[in-house]
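Okay, structure first, notes after.
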Ligand code: NAP
């Protein structure tokens, strides 16, 4: 029976580290840390995410600046706001909540955020830095996954790591981070032919597909570390991962639940990136 990785506890530990360092920066250097969160329109899920980010900012001692813009905001208006925030010294990190309304080009907005304040690590400069291993910010979800794997005491070096999913925000950066830790990495996607076979070879399996209960116990090697990034809302309203927990738990050595696994890590890593941004902008790091 696999041991459950407690994402809430690991996330709380990361936030406690951030809170301690933030308090120290304020006392010793008079430095305040600020995160600007921009939301456009009335997407209820986005609203929940933004509220959670605000609460997390308060908990770690950051100032948070919220900009809730109307659904009809033009791309030009949004870009103007991003430019204002780029120049605002109180703002160390800028997060534009995605998805944006259809009439706004997300890429143009991401590219307008100053890379020094791009705490989501979506800007092409920050994406490129991950490729060459010289990054300041890591994308929050893959960074959270790395922290969860670390919490199990697993040494990634030389391990067969399989990532299912190749999105720019999860799968691809996840694979790079595992590679940097000396894993032997395979990336799978919807065109992968022998998925079960590949999965059965994985010592570490990270699943980021977006399909409820897709990976079952018979696809998992005995003793594997299984990280489920998936967040799927079932018809009964329940949240469920991409891994069928019951059958997978019987094979894994460690496994993340959904909810309570990767989910809580994403915001914790966002707080960590914002602190890093503040230190860099102050010339401390
Ligand atoms: P995405 O952009 O939709 O990418 C999904 C990936 O899964 C694609 O690369 C796709 O392959 C692959 N895929 C789809 N069907 C497959 C199949 N049958 N076999 C193998 N691969 C398959 O999704 P994402 O943004 O990476 O998110 C993935 C999941 O993680 C979602 O459930 C999302 O809600 C969740 N998520 C959670 C957090 C968190 O904080 N916990 C953060 C981000 C995302 P192709 O490239 O070939 O289409």
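Here the Cβ of each residue, glycine as well, is placed from N, Cα and C on the backbone.
Note: TrEMBL annotation is automatic and uncurated.
Here's what TrEMBL has on this protein:
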type	residues	note
DOMAIN	5-120	domain 'Tetrahydrofolate dehydrogenase/cyclohydrolase catalytic'
DOMAIN	139-281	domain 'Tetrahydrofolate dehydrogenase/cyclohydrolase NAD(P)-binding'
BINDING	165, 166, 167	NADP(+) binding site
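Everything TrEMBL records as a feature, shown here on the structure.
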residue	record	Cβ contacts under 8 Å, 6 or more apart
165	NADP(+) binding site	171, 174, 188, 189, 207, 208, 209, 210, 229
166	NADP(+) binding site	172, 175, 187, 188, 189
167	NADP(+) binding site	208
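With DSSP classes pooled into helix, strand and coil, the tally for the domain 'Tetrahydrofolate dehydrogenase/cyclohydrolase catalytic' (5-120) is 63 helix, 18 strand, 35 coil. In the three-state DSSP reading, residue 166 (NADP(+) binding site) counts as coil. Summary of the NADP(+) site environment: with the site residues 165, 166, 167 set aside, the chain residues having Cβ atoms within 8 Å of the Cβ mean position are 163, 164, 168, 170, 171, 172, 187, 189, 208, 209. Using DSSP to sort the residues of the domain 'Tetrahydrofolate dehydrogenase/cyclohydrolase NAD(P)-binding' (139-281) gives these counts of helix, strand and coil: 55 helix, 26 strand, 62 coil.
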